[in-house]
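What TrEMBL annotates here:
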BINDING   91, 94, 162  Zn(2+) binding site
DOMAIN    21-198  domain 'GTP cyclohydrolase I'
Ligand SMILES: Nc1nc2c(ncn2[C@@H]2O[C@H](COP(=O)(O)OP(=O)(O)OP(=O)(O)O)[C@@H](O)[C@H]2O)c(=O)[nH]1
Ligand SMILES: [Zn+2]
């Protein structure tokens, strides 16, 4: 059996495609439906394939995403902010989606990264089972580690389907999390500037 190891998980055994389909059939029966009926015949295979896309973040690392950097920035030293990066993730408690936007800021030391790579970094951590706090922190730590920034900040605003569709059933409530490293941690004015830049 293959082993997978991610930045956040212990090694675990990868099931076969057939085993995943059987697990989906069990869930269909648990939901109260008949996994053998015509309309659900191909559903287990579709769900298995959908999971490969929804949880693709387990098969990539931040180092892969941020490996290309640029050094010719003509002395640019100020903050870089990429705001309103939309994402879909899944909470690790209920495996239900949470979705929203991430705002990512960093102060480069010598090198910058392509802007799309910031969005790819958000995508990498979103496409895993998450809690919002950890996802926020993981993005900032990875950016810091791979780019050797002078400081990084991440703000995430998201709505959790486990709160909207079930349980307490409060749709529309949004959770805001933020994390600051390096200069962002030491300088409240920089934090305030970041918050005001992303304010709607
Ligand atoms: N801190 C944090 N909590 C989350 C996140 N996603 C889901 N949760 C919460 O995880 C908690 C799980 O609570 P439990 O009491 O173990 O589970 P539960 O009985 O299903 O809770 P209810 O949702 O209140 O019905 C709930 O309060 C969820 O709102 C997240 O990203 N961060
Ligand atoms: Zn949840």
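Placed from the backbone N, Cα and C atoms, the Cβ positions cover glycine too.
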(request) For residue 94 (Zn(2+) binding site), just count the other CB atoms lying within 10 A of its CB, please. (result) 16
(message) Residues other than 91, 94, 162 within 8 Å, Cβ to Cβ centroid, of the Zn(2+) site?
(response) 90, 92, 93, 95, 96, 98, 160, 161, 163, 166
(message) At a 10 Å cut-off from the C-beta of residue 91 (Zn(2+) binding site), count the other C-beta atoms across all protein chains.
(response) 18
(request) Any same-chain residues 6+ apart from residue 162 (Zn(2+) binding site) with CB under 8 Å of its CB? Would you list them in sequence order, or say none? (result) 91, 93, 94, 96, 98
